Amino acid sequence: MKRKILGSAVAAAVAFAPAFTQAATTVSDGAVKLGVLTDMSGTYSDLAGPGTVEATKMAVEDFIAKEKPDFKIEVISADHQNKADISANKAREWFDTQKVDTIVDLVTTSTALAVMKVANEKNRISLVSGAGSTPITNEQCNDTTVHWTYDTYSLPVGTAKAVVKQGGKNWYFITADYAFGHSLEKNTSEVVTKSGGKVLGSVRHPFPGSDFSSFLLSAQASGAQVIGLANAGADTINSIKQAKEFGITPKQSLAGLLMFISDVHSLGLEATAGMYLTTGFYWDYNDETRTWSKRYFEKMKRMPTMVQAGNYSSVYHYLKAVKAAGTDEAKAVMAKMREMPVNDFFAKNGKVRADGRMVHDMYLAQVKKPSESKYPWDYYHIREVIKGEDAFIPLAESKCPLVKK
Amino acid sequence: MDIFGIPIQALMGQLLIGLINGSFYAILSLGLAIIFGLLNIINFAHGALYMMGAFCAWIGLNWLGLNYWVALIAVPVVVGAFGMLIERTMLKHLYKLDHLYGLLLTFGLALIIEGLFRYRFGISGESYPVPELLAGGFNLGFMFLPKYRAWVIAVSLVVCFGSWFIIERTKLGSYLRAGTENPQLLQAFGINVPLMITLTYGFGVALAAFAGVLAAPVLQVNPVMGSNLIIVVFAVVVIGGMGSIMGSIVTGLGLGLIEGLTKVFYPEASAVVIFVIMGIVLLLRPAGLFGRER
């Protein structure tokens, strides 16, 4: 009996020894495992997809090189096919059998909402970068979700305000007929009206569409100065292309409410010159963004979109929080993520709020004319920096129950 | 003057646009109808081949420096030859089996072709410029009609009715039709039926590629442009009557118009209207509007 007690004491001493020398990180299942759940082959695979997976790997490599963590980090990825049921099932599988600690990216709103709910149930974290609707941190917020890159509130704040200021008072919307399009149209209409503009009407097109000429003709007939495109991806690309064909631009101007640099790249500057857009990141903004983006370019042969850059930033911040918390337990890590400011090439003094929103500056960009573009991917003039506190829903207006009022 | 609260000018504009879209439906469904009528193959790869046509035009312009007009001739020939290769190596083994086998094979091919293009070009695709000669447009008073769209209507009408004429009114066409009715008998007359079938499939595929080249300047050239369209085109063929040449042309144009009208009165339904019509037609006339019961 005596020997047994002694033995246990020695074992305990050995087990706790590191705790006295340095605060070792205790991670569940021997590693911090990140699951990148994204659109690998569908409509959004250029703006997120394989690029997001690469950005996540870069974040992990950089973190290991710089912070020398005492825990292992693993990355796996899967295609969520933009379907809520597929994403929720994958998330469950990852949490239950693959020991995934955190899921990152999630490109469509429906997938994000489905996964963040499952993750919360299992006390795991979701880092949403690709999806855009505001309910993620508003009505449907939870305490294990962080929404990183942009949302439908922040997009029109830059674009719509700027366009109204330039004299584009009368608006007409071409809206994708699903949750995201409706949310974007609603948020933009509010900004337009608040800034002294007027909304003349809107037309809703089936998603996805290919021929937009009928809708463009309705927009033309409305006589509005500005046609707001409350859609995304291929729909936006085709709307812009066909507006030019039908002689709508430059008589009426177009406002792309969600445009990524991948869209501009694929359309070319000829078709997009002069358009305003709001973005959370531009690769050519300063030396820091250029350095990182060129490294990314080496691997992917494309410049990163805001979603891909934002994803890197969110993963790096998360890993720092794990190290600081000394554990990968979700609540403890979330507390650290909220406590520590985000300072990297993507965000300066970014802050994760109680509702899960990562508040950072957004940029109002204007697409360059072909003659102004001096080198590949030289696409934007940054016209204005929108301060974080103006870019996102003020906490006072939040409907998130986690926000104490 | 208004019709149901819509100014007649706006209505005219929308009808014209419907006709333009109908032209694409007509060319594509014509190719499908020819292939089904003569080969009994439900060619699910049609959309992918249409997409291939558009991409080949883009590749021709950007990699080889071939302009639009060259592409309009060369691309259907190249893609048509690719189609014949498919027919010779794969499809010919399936003629004696149920339609389903052909459908599954071509569906698989469509996924492979699409996947390859997606892998190489990404999902956002590439932009193809409108040829200089057809840039700009006419002001019709009620709308601005881009010259290119006017060209699309004209050339597709010529191609569609040309094909109809060849098949229904010439000697060559009579061989083709005879080949579908009774290939053994036709072979007995000394006609090389297998070669004729290969060429027919090649022609159907070439039509798809031709539509792809026509579409390249108006739509973003991307790997899923075919799969977005193919389901609608199948509905057109079913409504027109599987295998009916004239049926596919007339229905293609007609449904383009109906879709155009729906976009005016209730845009949210414009993606479904064709399928509603398909449902009704199948209930009332299972062989389609122009099809014959077999």
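Glycine is treated like the rest: Cβ placed from N, Cα and C.
TrEMBL annotations:
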- B:6-28: transmembrane segment (TRANSMEM)
- B:35-60: transmembrane segment (TRANSMEM)
- B:66-86: transmembrane segment (TRANSMEM)
- B:98-117: transmembrane segment (TRANSMEM)
- B:148-167: transmembrane segment (TRANSMEM)
- B:188-217: transmembrane segment (TRANSMEM)
- B:229-258: transmembrane segment (TRANSMEM)
- B:265-284: transmembrane segment (TRANSMEM)
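Sequence-distant residue pairs (6 or more apart) of the transmembrane segment (B:188-217) and the transmembrane segment (B:265-284) include fewer than 3 whose Cβ atoms are under 8 Å, leaving the two stretches without contact. Across the candidate stretches B:6-28, B:66-86, B:265-284, the maximum count of CB pairs under 8 A to the transmembrane segment (B:35-60) is reached by B:66-86. Of the two recorded stretches, the transmembrane segment (B:6-28) does not lie close to the transmembrane segment (B:98-117), with fewer than three CB pairs under 8 Å once pairs fewer than 6 apart in sequence are set aside.
Sequence-remote contacts of a segment are chain residues at least 6 beyond its ends whose Cβ falls under 8 Å from one of its Cβ atoms, and for the transmembrane segment (B:229-258) they are 15, 18-30, 32-34, 36-37, 44, 46-47, 50, 110, 160-161, 163-164, 167-168, 273-275, 277-278, 281-282, 287-292. Long-range neighbours of the transmembrane segment (B:148-167) within the same chain, counting only residues 6 or more positions beyond its ends whose Cβ lies under 8 Å from a Cβ of the stretch, are 17, 19-20, 23-24, 26-27, 30, 34, 130-131, 134-135, 137-138, 173, 176-177, 207, 210-211, 214, 217-218, 245-246, 249, 252.
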